[in-house]
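Listed in Swiss-Prot for this protein:
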- 27-74: disulfide bond (DISULFID)
- 37-51: disulfide bond (DISULFID)
- 52-97: disulfide bond (DISULFID)
- 72-111: disulfide bond (DISULFID)
- 1-23: signal peptide (SIGNAL)
């Protein structure tokens, strides 16, 4: 009986001390966060505050190299699929929102080089 209590106590300590896994954003979540940006990326004009909120959310969730590379690949693939996308507006979007990302949002970006 005493050894069962010890095993339970050890397991409980392991569960409490284990690091909590943080889920990364999925590509559909990234696209959802950036949907308010599409009209701006095509036509320019006024940048919606909801767009910058989405840009910040994606940046905040992209903490590791793997997260940033995944976000980059999602943005790259999404940019390829938006007819009429202005590449200069896409590349400048993070800066317009006060966010610094380590890559250019472009269909030609090599996301494997993102750190």
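Heads up, the Cβ atoms here are built off N, Cα and C, so glycines get one too.
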Restricting the comparison to the disulfide-bonded residues 27, 37, 51, 52, 97, which residue's C-alpha is spatially nearest the C-alpha of residue 72 (disulfide bond)?
27
Residue 51 (disulfide bond) versus disulfide-bonded residues 27, 74, 97, 111 - nearest by Cα:
97
Nearest by CA distance to residue 97 (disulfide bond): which of the disulfide-bonded residues is it, out of 27, 37, 74, 111?
37
Tell me, which disulfide-bonded residues from 27, 37, 74, 111 are within 10 Å of residue 52 (disulfide bond) if we use the C-alpha atoms?
37
Please work out which residue of 27, 52 has the most C-beta neighbours within 10 angstroms of its C-beta, and give that one of the disulfide-bonded residues.
52
For residue 37 (disulfide bond): intrachain residues, at least 6 apart, with Cβ closer than 8 Å:
47, 48, 51, 54, 55, 93
Restricting to the same chain and to sequence separations of six or more, state which residues have a Cβ under 8 Å from that of residue 74 (disulfide bond).
27, 30, 31
Sorted by position, what residues of the same chain at least six away from residue 111 (disulfide bond) have a C-beta under 8 A from it?
69, 72, 73, 76, 103
Would you please pick out, from the disulfide-bonded residues 72, 97, the one with the fewest other Cβ atoms within 10 Å of its Cβ?
97
Using DSSP and three states only, what is residue 97 (disulfide bond)?
coil
